């Protein structure tokens, strides 16, 4: 790798000649060496020799007696530099005065010994060998250039076959392989008419002869003429490689090595152990092998040994070089003495223990310590308690400095002695030094940026760090033995950044969702809930006070009870309140209304209150207020003395009755099953449903019993008040526990899941207070243990997800104020079923509208385009008639390599406009990844109790109004009700508007989807009340319904082949089920089980209303409920397909589902979607597949091959719209992008991912997901290259594509066209323009091989590559420096040294340093 810079390179000959220049080169790192990029390319033999300081000729390392390096060996001092500073090997020249001298006796240069970390050597190979990376890394690069297969190449390189180099007049072709026998036979036949070679020499000759420009032209012509897709792909691959070589000025023959570099000895150390043994790096073994074989080969050449021996030696040399570069890539792994594989150069770079991830991305730092944390409730929010011993060690340099300044110590040594003796003055100085010097605390795992925060230290006795309770949520810390690390920012710049950006008081809001993260939890909430509760008939009720002081006195004196209802004058108003709430009122910031706390305070209320305070009063007031709230909460939690006893778990009296009633219902279902009215699957579904309802009813009863107390008030009447039951208070306040856990304590445990994931039909009717029977306990253990196992597995998965997300998004930075785009995405309120999951306001907060938003009815301007919407604007929009808004999004932002402020909107962690330079990609990745671990860890809290949602089986109205039907096709059944036959019908509910005595439909309020087979009881246009049920359906079975009256005729339903008659063991009844008929082909070829309806009189096949024949095709698993020859009426059910008995909806679907979406994988049971709208017909089936044809009004029909026996979502003759599913299952994200476009893909990804997190109650802002999806869409695939440089089918960066098109357009050429590509996050990370970032992520060798061939330049734009080369990252405060550098405002003389040390560099270079 070479830095792309303006600095001239120094050839080795000059270095060794001029000792003085060497000193300058190595005296100290040159700060001025500035570069804008790093290029990687293949090293030529000349280049390798120019790096080298001498040839390594012997395999010896060091002399075992003297421990001195052997001459010309792997550790030779002459080549690599002296072992001791400024001292030659033989000891003739010592000390600084001889520096730069080359000793004439031992040939060692007198210089610092650290050059042994920098100087390289080389080995001249006696025969060329192939570089294994270019040979074996798929696809083989040498193979692509020569158009040979890897197998053939290996045969030549490893001396099995000869290859024809020049065919001359013979019938052979160039590049043809010959066995040894054939070769000698041909030699006899043709003599030297032709030439063939073997081994790397032959391959090298072929590479030298390769004429790249001619090959490229030939391939381009071929590409134009070929029609075969496979051939085309092959040509494109080859073309790529050839063009890469042409553009990068790499010579193909450099992939065959004639000389190999030897890395500096300090990087492959050899350490003598006691007892005369040595510990050595594996590389030395590998190098030794190469040198031994190389020397032996040279000797064989001199001895003119027979060909076969030489060939064998050459093969062994090739193998040893292979092992040195990448051990185990080909053939057997070379092992050391203890049968352990040796670590090659590739292993030094790869993986978590490789150079990239271990030393370049993760460095250990000085001035840090770690200790156990304990709670520090008396600290202020910006403080932490630091043990004195730790502080003394961490702040040593500052203390030494201060001691010298004060004249208490004359030298550093004296200061050191004073500190070691821990004299009295030292402690005083420590206090001074620490004052207002922030330290950073970090708790591993650091899942998001709030895992490191800055605090001001307070010295404490003991050895534990004290942590403020309110920051525990951000760190995810508790005090059960957690440890934290302390880091000291040293420079003044670092201290400023720590104070301004990282101080805990500046991180009140969570970057994931913009809600406060500094919120009281647990005991504090319990205390606040207790002190704001109201109780009837206690001391002081009805008293009236003139101010809060009086209330406090009355409370302290015991006259007024904490819960007494009183009146008081507060801020000039009379308020009805309680004593406890008045005590809180004292702390309320000025601008917050008293009504905000004049209520029962739960966790939700506190969060709202702090959020409101932050928006109204700013940071300082919020911090003071939260600190006071915390103190008050702790104090009253202590005074409340809330405990937990078994009698607090109140079992509802109605429980027995409810359980008995449920058992009765279950018996009835069992009876229906034994009578054969329902199938086993239906029975299972219904039973599970009954128990789900029962469990919920019992839970509701229990909550009803426990949540209120009936007491006498002061007038002697019985009144209800919120309960003071301890368990209820804990759960209701949000301090600890949940309704689900209380249900298990005092309700019933409910349904449990089997190990397979299915739900068992028999629930646990007992609760923990009653105790479980042995069987119930046994059933429970599985759920509990599974939870623990899951936790361990998923923590790792979640960490890996975060790593991939960070990697894909790390170079997404806010680059500019406004990109000026006019496109965006439309958002509306999110509705699931009948509940609004997220309001329009929530989704718009902190976003920017594309155009002005006006009220559609009043035409009032609500917000101008380009304004970031804050709480007030959002409230205005909520109260207006606006349903959806087109907003700017990171997805549609047109900024290159980043996003703009306007498209991103509000910085969630600060509540203000995002600033240029903010690393929004990393924040997005952390916000999505951090709850990932919670998702995974939350499974076991409910201990496997199956919480299965009772299925929705009807639709009722949520408001009153007028019904309108859309796309609805119905048929009337025998009972006169309408049965829905369309697949995508919707019902909209409109406001009822009176017009000339008629009720008409006004603005649309809601829309409901009505499934196929639903029975509708209200007519279109009818006026309904709130809560009217207008449609019902069976949630557990999908019916197949007749549209006309006729006689049933079976087709292809052959008993024992495609039809199975199941006789139920328990009932003795027979049900007919369609089965899989694969492999049992009937005489007629393929089977298509179906039911046809014939006319009652003429026995001809009836026609449907849409003109197609009346045939119903049956999927595998359909249960037929009619018999052949039955007379059926329109709207009758002839067969039904049972829905799968639902598995437990646990978050196990969670993390894997999120990963599946971000990796853009095809879901297991994926569905197909219609690519255009048209009429559905069934085509001729293919083996194992069913052919579906969608014919549009105009244009070509589209064919889809669907797996047989899967439930289709459409019937023959249905009209489908573009993007509609043709069968059941999850859609493939790539299909959505292709068919419906970017906006629909965004909506799909955001909604699907949010749904997983919402199940866990985790809130993430949509824009984070949009940022990641943006990064997944950075590539496009060329469909037509036009006159550009691209090749058809090539994948290129979006920015490069646009740039090339602009250039071509200017030239007057034809521009290229493309389709957008959706890449999974792993693939997107690996195809990033920065090869350093990609190599440090995964597949290091492949990435580096590819980059070297194309001579790629890494322009160091992302964060990761800058960390690796040791610069400040170009984000946040480092953004300014990188911008200045780009603008070129830093003149050549004072190139940025990234750290403000230009003047140091100047001084150092101008003054000659003299040392004695």
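Sequential numbering from 1, following the chain as shown.
Backbone N, Cα and C atoms are what each Cβ position is placed from, and that goes for glycine too.
Under the three-state DSSP scheme, residue 103 (Zn(2+) 1 binding site) falls in the coil class. Marked as Zn(2+) 1 binding site by Swiss-Prot on the basis of sequence analysis: 88, 90, 103, 106.
The Mg(2+) binding site annotation in Swiss-Prot covers 478, 480, 482. The Cβ neighbour count for residue 478 (Mg(2+) binding site), using a 10 Å radius over every protein chain in view, is 11.
Around the Cβ of residue 893 (Zn(2+) 2 binding site), 27 further Cβ atoms fall within 10 Å across all displayed protein chains. What Swiss-Prot records for 819, 893, 900, 903 is Zn(2+) 2 binding site.
Positions annotated as region 'Disordered' by Swiss-Prot: 1387-1412.
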Neighbours of 88, 90, 103, 106 excl. site residues, C-beta within 8 Å of centre, Zn(2+) 1: 77, 89, 91, 92, 93, 104, 105, 107, 108
For residue 903 (Zn(2+) 2 binding site), the one of 88, 90, 103, 106, 482 that lies nearest, given that the binding-site residues are compared by Cα: 482
Chain-mates of 478, 480, 482 with C-beta within 8 Å of site centroid, Mg(2+): 373, 477, 479, 481
Among 106, 900, the one of these binding-site residues whose Cβ has the fewest neighbouring Cβ atoms within 10 Å: 106
Candidates 480, 482, 900 (binding-site residues) - the one closest to residue 90 (Zn(2+) 1 binding site) by CA: 482
Rounded distance in angstrom between the Cα atoms of residue 103 (Zn(2+) 1 binding site) and residue 893 (Zn(2+) 2 binding site): 65
Residue 819 (Zn(2+) 2 binding site) versus residue 482 (Mg(2+) binding site) - Cα distance in angstrom: 46
Euclidean distance between Cα atoms of residue 900 (Zn(2+) 2 binding site) and residue 480 (Mg(2+) binding site), Å: 44
Fewest other Cβ within 10 angstroms of its own Cβ, chosen from the binding-site residues 480, 482: 480
C-beta crowding around residue 90 (Zn(2+) 1 binding site), within 10 angstroms: 14
Inter-residue C-alpha distance, residue 106 (Zn(2+) 1 binding site) and residue 900 (Zn(2+) 2 binding site) (nearest angstrom): 63
Residue 478 (Mg(2+) binding site) and residue 819 (Zn(2+) 2 binding site), Cα-Cα, nearest whole angstrom: 45
Cβ atoms near residue 103 (Zn(2+) 1 binding site) (within 10 Å, other residues, all chains): 20
Conformational class of residue 900 (Zn(2+) 2 binding site) under the three-state DSSP mapping: strand
